[in-house]
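Annotated features, as they stand in TrEMBL:
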- 27-49: transmembrane segment (TRANSMEM)
- 42-293: domain 'G-protein coupled receptors family 1 profile' (DOMAIN)
- 61-83: transmembrane segment (TRANSMEM)
- 103-125: transmembrane segment (TRANSMEM)
- 145-169: transmembrane segment (TRANSMEM)
- 197-222: transmembrane segment (TRANSMEM)
- 243-266: transmembrane segment (TRANSMEM)
- 272-295: transmembrane segment (TRANSMEM)
Amino acid sequence: MPFSNSSELSPSFLLASIPGLEAAQCWVAIPLCSAYVLAVLGNGAVLLVVRAEPGLHAPMYFFLCMLAAIDLALATATVPRVLSFYWFGSREISFGACLLQMFLIHTLSAIESTVLLAMAVDRYVAICHPLRHAAVLTNGATAKIGLLAVARGVLFFLPLPLLLLPLPFCGPRVLSHSFCLHQDVMNLACANTTPSVVYGLTAILLVMGLDAVLICLSYLLILKAVLRLAAWRERLKVFSTCIAHICVVLTFYVPLIGLSVVHRFGKDLAPLVHIIMGNIYILVPAVLNPIIYGVRTKQIQRRILSLIHVIDR
């Protein structure tokens with residue numbers, strides 16, 4: 001769809017449709033909507049259970065609540081807009097709305113990465129320095145870490161939309177996803193985007209990249225401490241407390257890396273691949289995280305089962 005020159009002063013973009021399935025997008029939206037409902041119910045249940053269960057008022061579960069809130073915010077910032085396009089044909093998104101959505105996606109992802117690092121440190125202190133765990137990771141310290149995660153995400157990723165504001169956009173402004181991402185929007189600019197490219201890469205390396213390295217370092221130290229234990233059963237018992245967090249870390253970083261690889265090296269890939277990877281990145285962690293912790297945490301299991309029983313009655 002062409003855009004007039006007058007629109008350059010206040011550009012808008014077109015969200016990516018599903019290639020070959022444009023006429024059936026209303027049906028494709030049904031599983032997408034179902035996944036979003038599951039994410040809302042699952043993460044909402046985690047928040048309610050941790051709040052209602054005094055035995056879960058501990059740093060690890062407060063971090064879990066932070067993850068649930070972030071996943072809810074991230075899914076809500078994207079999926080309803082995608083559904084309005086698939087169901088009602090509202091394909092065009094204004095420049096301001098696109099920049100806001102882009103800022104929310106990248107900032108919330110950075111906050112989630114920081115929280116995952118904090119959870120890895122929590123596991124390290126609990127296993128390697130158990131006597132100091134209660135003194136180091138207090139509820140007050142947990143709240144400060146949450147505020148620091150928010151401040152870090154905002155400070156690092158607020159410049160991304162600011163760098164795009166003065167750029168001119170011309171020609172067909174069709175995104176490769178059904179929502180706005182920095183690299184996607186940046187590639188549509190008809191001007192020098194070197195500052196935006198350099199800063200975007202630097203921010204990702206200093207936040208997600210550094211966090212991933214520190215998480216791996218934490219687990220190397222945990223593994224070293226576990227291997228010092230004499231009995232295999234004791235080793236497995238101690239390390240099993242980390243399984244849920246490891247799964248959540250993989251659920252976050254694997255789609256993130258996959259999406260980054262598709263953006264960097266997937267210019268010749270089918271447009272459908274970009275759309276699928278984008279939806280996986282947004283929805284898979286939000287859907288799976290409550291399931292992972294629900295399966296691994298007996299208190300959460302019991303509380304959710306009791307809620308289901310009450311509803312059935």
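Glycine too: its Cβ is placed from the backbone N, Cα and C atoms.
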State, in range form, which of 61-83, 145-169, 197-222, 243-266 has the highest count of Cβ pairs under 8 Å to the transmembrane segment (103-125).
145-169
Comparing 61-83, 243-266, 272-295 for Cβ pairs under 8 Å with the transmembrane segment (197-222), the winner is 243-266
Hey, which of 27-49, 61-83, 243-266, 272-295 has the most Cβ-Cβ pairs under 8 Å against the transmembrane segment (145-169)?
61-83
Near the transmembrane segment (272-295), which same-chain residues lie under 8 Å Cβ to Cβ, leaving out any that are not at least 6 residues past its ends?
16, 18-20, 32, 35-36, 38-39, 42-43, 45-46, 64, 67-68, 71-72, 74-75, 78-79, 82, 105, 112, 176-179, 181, 244, 247-248, 251-252, 255-256, 258-259, 262-263, 266, 301, 304
